[in-house]
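Worksheet: the structure to be examined is printed underneath.
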Amino acid sequence: MAGAVLVAIAASIGNLLQGWDNATIAGAVLYIKKEFNLQSEPLIEGLIVAMSLIGATIITTFSGAVADSFGRRPMLIASAVLYFVSGLVMLWAPNVYVLLLARLIDGFGIGLAVTLVPLYISETAPTDIRGLLNTLPQFSGSGGMFLSYCMVFGMSLMPQPDWRIMLGVLSIPSLIYFALTIFYLPESPRWLVSKGRMAEAKRVLQGLRGREDVSGEMALLVEGLGVGKDTKIEEYIIGPDDELADEGLAPDPEKIKLYGPEEGLSWVARPVHGQSALGSALGLISRHGSMVSQGKPLVDPVVTLFGSVHEKMPEIMGSMRSTLFPNFGSMFSVAEQQQAKGDWDAESQREGEDYGSDHGGDDIEDSLQSPLISRQATSVEGKEIAAPHGSIMGAVGRSSSLMQGGEAVSSMGIGGGWQFLLLATIPILIVALAILILVNILDVGTMVHASLSTVSVILYFCFFVMGFGPIPNILCAEIFPTTVRGICIAICALTFWIGDIIVTYTLPVMLNAIGLAGVFGIYAVVCVLAFLFVFMKVPETKGMPLEVITEFFSVGAKQSKED
């Protein structure tokens, strides 16, 4: 997984530059005020600081749609270019108006990075370390602020500190970021699949995963494009493909031909009619979710559905596998045929032979239209049994939610996670704010006031960066379908920027109107509301493939309508 880790680290440099810029302008504005005589111009002074925020808000409104159309990587390249240009202009800046323009351009780069880096990391990271890698933007931003504060402090000790150099230094790390986006970062494999560029997506996945066989994950990515359609559970009986026995007979419309990894090896699958063992096993999840939902009437059905899967899927999968596959190798596949070859672009057609080689077929049409399968051999009395004759194959709709890269969900280590790094940290935020309220209302003495305030602020920030800091970005990058993920994450980012603007510009007003204790009181109430929202509306998505997450949201939405 080294490839995916290095890609995530390189991509998160965009957030390092954001943190760097935020800290630098805080120190440089003191010297800017002196040079341009802005002591009597608080509006201009505020605009110099806030112009990057305005630029980020503006570009976020359409960055998602552009990323969905042209790709994630070009937007990261554009972010690096904007950072670099803004640094050069700030280094020059002969007057305050040019400085404002440079800050606006800088905001464009910030907006693209903050919006698309978490999305890019989510789409390139392996499922089991996706959350870990998506905390890198938060860490990088904090690291950028630390480095910038050190630089500003060092330059402030000089006889004549130069604010232009403080701000212009941004162009140096942005140039490194530009080189990485051009020569190292690949395009998102999920975006490539959504555009039909299958061969390129396969090569990218092979580099990210460090292995040749990525057919299982490729199948999952393709299936994710169909999220939102009717979801159904089907079972098939697998047997050897006897083409000679079928000669002269009418074609069976229910028969599906499966191609194995060895050349010339194939099977046929026929659906099982009536009550199925797999359907009964997976039905336990739905029934368990319904019982939990009845006990928690205010909890969203989507939360209940995800929770029931996390609680019951390991034991159900273990029981189901021991029951259905006691002596045979298991095969999991998708229930529906893949999209017609006309959906894929010319690039896939030209390079399709390379992709088809993993499935033992030379025909690109068969490779794209036939289900992509993954085989597992089980051991009985020390012997390997690979022949699946007479075994049962389970399929869950289009999402192949039982499999990801040939491994069952039960092996993904799901459980705990985002809803929990939120329900556990928000109460600490509330307690910290409550202490700040009390020490500002009660007369506890200067020393006690300073000590409690310092400890509370430190606790607040520590637990904030564990929960509310990175997790909203992680969740927003996980829950939307591939085809609209860019525009949806842009809407989330726009909400963030608008909230940032509201907090920034209402803080002075509220301080004058209700004092510091009143401001902390309002923030505490917001945290309480956030806790209730997380408990009732935010599902646990840790350890699940993105395509499975979006499919479950689709199922949960339909269940909500039925209820």
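Just so it is clear, glycine is given a Cβ too, placed from its N, Cα and C backbone atoms.
Marked as compositional bias 'Basic and acidic residues' by TrEMBL: 342-362.
Under the heading domain 'Major facilitator superfamily (MFS) profile', TrEMBL lists 7-542.
For 339-362, the entry in TrEMBL reads region 'Disordered'.
As annotated by TrEMBL, transmembrane segment applies to 43-63 (among others).
Annotation comment: TrEMBL describes 75-94 (among others) as transmembrane segment.
Annotated transmembrane segment per TrEMBL: 100-121 (among others), in sequence order.
The transmembrane segment feature in TrEMBL is assigned to 165-185 (among others).
Residues annotated as transmembrane segment in TrEMBL: 420-442 (among others).
Remote same-chain residues near the transmembrane segment (454-475) are listed as 118, 122, 130-131, 134-135, 137-138, 142, 418, 421-422, 424-426, 428-429, 431-433, 435-436, 439, 492, 496, 530, 538, 541 (criterion: CB distance under 8 Å, separation of at least six residues from the stretch ends). The feature transmembrane segment is assigned by TrEMBL to 454-475 (among others).
A Cβ distance under 8 Å defines the sequence-distant neighbours of the transmembrane segment (487-507), meaning residues of its chain 6+ beyond its ends; these are 50, 53, 56-57, 60-65, 67-68, 111, 114-116, 118-119, 472, 476-477, 480, 519. The transmembrane segment annotation in TrEMBL covers 487-507 (among others).
Annotation source TrEMBL lists transmembrane segment at 513-535 (among others).
Within the chain carrying the transmembrane segment (165-185), a Cβ under 8 angstroms from the stretch's Cβ atoms is held by residues 7, 10-11, 13-14, 16-17, 20-21, 24-25, 27-28, 31, 73, 76-77, 79-81, 83-84, 86-88, 90-93, 102, 106, 109, 120, 151-152, 155, all 6 or more beyond its ends. With a threshold of 8 Å between CB atoms, the same-chain residues lying at least 6 positions outside the transmembrane segment (75-94) that come near it are 11, 14, 17, 63, 66-67, 101-103, 105-106, 108-109, 112-113, 116-117, 120, 164-165, 167-172, 174-175, 177-178, 180-182, 185. Only residues 6 or more beyond the boundaries of the transmembrane segment (513-535), in the same chain, are considered here, and those with a CB under 8 A from a CB of the stretch are 299, 419, 422-423, 426-427, 429-430, 433-434, 436-437, 440-441, 468, 507.
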